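According to TrEMBL, the protein has these features:
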- B:32-52: transmembrane segment (TRANSMEM)
- B:64-83: transmembrane segment (TRANSMEM)
- B:108-135: transmembrane segment (TRANSMEM)
- B:147-176: transmembrane segment (TRANSMEM)
- B:196-215: transmembrane segment (TRANSMEM)
- B:235-255: transmembrane segment (TRANSMEM)
Amino acid sequence: MSAYFAFARSSFHSQLAYRNEVWANIFGKLVQVFARVAIWQAAYAGIGGIVVDGVSLQQMVTYALLGGAVMGATRPERIIGEIGRSLKTGDIAVWLLKPLSYPLYLFANECGSFGYRLMTQVIPTIAFTALFYGMLPPATLFDGLMFIAFWALSFTLLFLMSALFGLIAFWLMTSFSLDWILGALLQLFSGLLIPFWFFPEPLATIARHLPFAWVVYYPNAVYLGRLSAADVWLHLGLGLAWAALFLAGVLWLWRCASTRIIVQGG
Amino acid sequence: MLIHHLRVLPLLVRMHVRSQMEYRGAFWLDRLAQILSYGSVFATIGILLARFDTLGGWTWPELALLFSFQLLAYSLGAAMSFVQLRDLEELVRLGTFDTLLVKPFSPWAYLVFSGLNIGYAGHVILAVPLMGWAVQSVDFAWSVWSASFLIAALLSATLLTAALITMIGATALIWVRSNHLFSIFFGFWELTRYPLNIFPGGIQTILITAVPLALTSSVPVGALLGKPIPILGDWAGPVALLAGPIWVLISIAYWRYATGKYQGAGG
């Protein structure tokens with residue numbers, strides 16, 4: 001286990017090495033969050049209301065801050081890109097020789113990157129924007145605690161989805177399109193920009209049942225107290241079931257993919 | 001010298017296009033994925049407008065025109081610059097940029113044309129029909145003047161995009177690393193799908209001056225449709241038309257400055 005911890009630590013430190021990039025990333029994240037808030041302020045101003053479908057502007061601003069900063073700390077393109085690169089360079093074959101699990105290595109690597117982004121992007125962005133816009137606290141203490149559980153689930157699910165898409169590259173021999181396809185699904189069905197309560201039916205019902213909903217929509221809805229306690233537990237269970245399904249998918253695909261590796265270089 | 005350059009450029013482009021089209025299945029799958037991705041962004045804006053009717057005073061067809069204009073200008077400009085200049089950092093790090101300097105050819109022209117990216121076909125396939133629909137759907141009386149303005153503004157936005165990307169890439173010649181600046185570029189670029197007037201004053205100012213990406217989207221489209229443009233007001237139209245050529249001149253000067261500062265980082 002210490003090897004995986006070392007991978008996570010190494011991933012964390014390697015990204016801290018370039019300070020200009022740290023500042024550029026904080027700046028980029030702040031711009032993105034300010035923009036999301038501006039979009040909602042303009043949308044609410046357009047219809048002249050401060051409450052739309054039972055959601056206040058302040059709640060929507062909080063949703064945008066959470067979606068933009070907190071949930072934006074995981075980067076699927078990094079995970080898919082890492083698998084694609086290993087496949088292209090042939091490095092993937094080396095993993096079969098090591099007494100280590102490649103999927104676990106990817107997870108440890110992403111944990112390190114997540115820690116880096118948490119410290120250098122999420123916390124500064126949340127602190128700054130919360131001061132600026134007045135972010136709402138969790139609806140109740142229970143919702144706050146459950147939000148942390150949903151956040152952990154969101155990170156795990158997003159990692160597993162990305163790894164699953166990345167492993168499909170073994171058959172397509174390109175990871176480029178997989179990265180874009182997952183990005184498209186997340187853009188529309190995770191609730192990243194627009195929560196499902198503003199979706200038209202039956203699209204909203206479909207979106208609520210897809211696994212992408214657990215990446216942004218459900219954690220944020222729990223934070224804002226939009227789900228009853230029973231629904232929170234139910235959706236946590238459903239989210240864990242999705243994670244178990246994706247985990248089985250990743251392990252199965254990795255086993256199939258391992259048998260497909262053909263080393264062409266010397 | 002110039003004739004020699006012009007004769008070689010089509011050969012460079014042809015060689016690269018052939019190499020890109022070698023795996024046709026993968027090429028078109030990648031383009032389909034990009035169409036899906038931008039399509040989902042467009043659908044998200046559509047869902048927002050279905051519930052809220054307008055955004056910053058812009059209707060759904062007007063936002064569709066803005067989205068298609070932004071995507072088309074970016075894809076045409078980035079085809080001539082993005083991947084090529086993004087990879088410059090690696091050429092500097094490994095020292096292979098030195099080999100371009102000893103060629104009897106402009107390093108910039110060699111980089112750009114030997115890597116001309118036809119991968120932006122997906123963007124164009126999505127943006128052109130969307131623009132066609134939006135042009136017919138907006139509540140606007142088209143004339144020869146306004147149609148000419150749209151085309152000229154698109155050309156200016158294309159040049160501006162390529163100029164900005166060239167400048168970011170050229171920074172690698174001084175700093176060795178410059179790709180993190182692309183994350184700022186794309187952070188701002190995503191905002192330009194929306195009208196400029198919805199953003200706070202600080203972001204509006206940056207989008208017109210330091211990272212003038214608003215001049216590749218909401219400023220020209222807003223000027224065309226007669227929308228109020230923050231900061232620029234009635235100057236929005238002329239500024240949008242002049243921005244491309246002016247930033248090209250600035251980027252040429254910057255490229256020369258950066259090449260002069262280049263010392264080589266590779267072994």
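Don't overthink the numbers, they just go from 1 along the chain as shown.
Quick reminder: no glycine exception, Cβ is built from N, Cα and C everywhere.
TrEMBL entries are annotated by machine, without manual review.
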Same-chain residue ranges lying at least 6 outside the transmembrane segment (B:64-83) that approach it to Cβ under 8 Å: 38, 41-42, 45, 58, 112, 115-120, 123-124, 126-128, 130-131, 133-135, 137-138, 150, 153-154, 157-162, 165-166, 169, 189, 192-195, 216-218, 220-221, 225
Could you tell me what the rest of the chain brings near the transmembrane segment (B:235-255), counting residues at least six beyond its ends with Cβ under 8 Å? 108, 149, 152-153, 155-160, 162-164, 166-167, 170, 212, 215, 219-220, 222-224, 229
Cβ under 8 Å, sequence separation of at least 6 from the ends of the transmembrane segment (B:108-135): give me the contacting residues as numbers and ranges. 5, 9, 12-13, 15-17, 20-21, 27, 30-35, 38-39, 42, 61-62, 64-65, 67-69, 71-72, 74-76, 78-85, 87-88, 100, 142, 150, 166, 255
Near the transmembrane segment (B:196-215) in space but 6 or more residues beyond its ends, with Cβ under 8 Å, are 55-57, 156-157, 160-161, 164, 184-185, 188-189, 222, 227-232, 239-240, 243, 247
Distal contacts, the transmembrane segment (B:147-176) - CB-CB under 8 A, six or more residues away: 69, 72-74, 76-78, 80-82, 84-86, 88-89, 92-93, 97, 108, 135, 182, 185, 211-213, 215-217, 220-221, 223-224, 237, 240-245, 247-248, 250-251, 254-255, 258-259, 261-262, 265
